[in-house]
Amino acid sequence: MTKPRHYLQFKDFTRDDYRHVFDRTRWIKDKFKRYEPYHPLFDRTLVMIFEKASTRTRLSFEAGMQQLGGSAIYLNTRDSQLGRGEPVEDAAQVISRMSDVVMIRTFEQDIIERFAAHSRVPVINGLTNEYHPCQILADIYTFIEHRGSIQGRTVAWVGDSNNMCNTWLQAAELLDFNVHVSTPPGYEVEPERAGLYGTGHFEQFADPMEACKGADLVTTDVWTSMGFEAENDERMKDFADWCVDAEMMAAARADAVFMHCLPAHRGEEVTADVIDGAQSVVWDEAENRLHVQKALMEYLVLGKVED
């Protein structure tokens, strides 16, 4: 049996892989906009395992698999044996014998790595505490749609050094662009983690305005991610000066775009005039989760497909 290919971190793909996935995304999205059916995964099954709740992840994967001609099954850990102590390795053996691709949205990266190691089919990281590769895949494709190649460009990350930030750093090293990160004191990218991504594409700033200077893309996320709710009150104080506003966007390039993976809290990590303004591409970004993930599933299940 051929060993399946997984998508657990952004660095799991090469630059050529991404070139193909982005090309396929463009083609698949065009078919979607023309209401032309495209069913390369007819009679295939996606199993979606959720330990963390979601709106966009479930909707984009479930709708995406149906649009590709397949079916999607939703499992959450509360209603399955995974939530009752069944070993991840055992669950992987069983689930992968009854499906063609698996998407997991969970807390610990170790869980998805262990599942993939015992799976007979491709496994996709729908989100973990450490990485969110599908979101960055959509973000980069959205940038390409609006501004062209991201190579050599600058992304300003303002806020928490969370899973989104980690994945941006991986993407920058692989696709040759720069990331400026600005976080409050105590929330910086840890030195040992920064070393994992190299230093040629990453710079850390104490001042968010400085991070945004000359940026082609300004992006942020909620201040309190799932699993950190106990820290919410403290984080609201610590991050108060890291709200992306019109002044920060003015420091960026005149044609810079704003992104947010959603859900957003207006008045916290971003002001309403920015997220609802002319430079914001958040709705295209959200829609593109659907299209890039269709291209991703096609690639993992079928390999390279040409027009």
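Keep in mind that glycine also has a Cβ here, set from the backbone N, Cα and C atoms.
The DSSP secondary structure for Arg289 (carbamoyl phosphate binding site) is helix. Annotated carbamoyl phosphate binding site per Swiss-Prot: Ser54, Thr55, Arg56, Thr57, Gln81, Arg105, His132, Pro133, Cys134, Gln135, Cys261, Leu262, Arg289, in sequence order, evidence recorded as sequence analysis.
Around Asp221 (L-ornithine binding site), a 10 Å sphere centred on its CB holds 24 further CB atoms from the protein chains shown. According to DSSP, Asp221 (L-ornithine binding site) sits in a coil region rather than a helix or strand. The L-ornithine binding site annotation in Swiss-Prot covers Asn163, Asp221, Ser225, Met226 and is backed by sequence analysis.
Just so you know, the Cβ of Arg56 (carbamoyl phosphate binding site) picks up 20 other Cβ atoms within 10 Å once every protein chain is counted. Other than the site residues Asn163, Asp221, Ser225, Met226, same-chain residues with C-beta atoms no more than 8 angstroms from the centre of those residues' C-beta atoms, the L-ornithine site, are Leu127, Asn129, His132, Asp160, Asn162, Met164, Val222, Gly227, Phe228. If you take the C-beta of Ser225 (L-ornithine binding site) and look for same-chain residues 6 or more apart in sequence within under 8 angstroms, you find Asn129, Asp160, Asn162, Asn163.
Asp221 (L-ornithine binding site) sits 16 Å from Arg289 (carbamoyl phosphate binding site), counting Cα to Cα.
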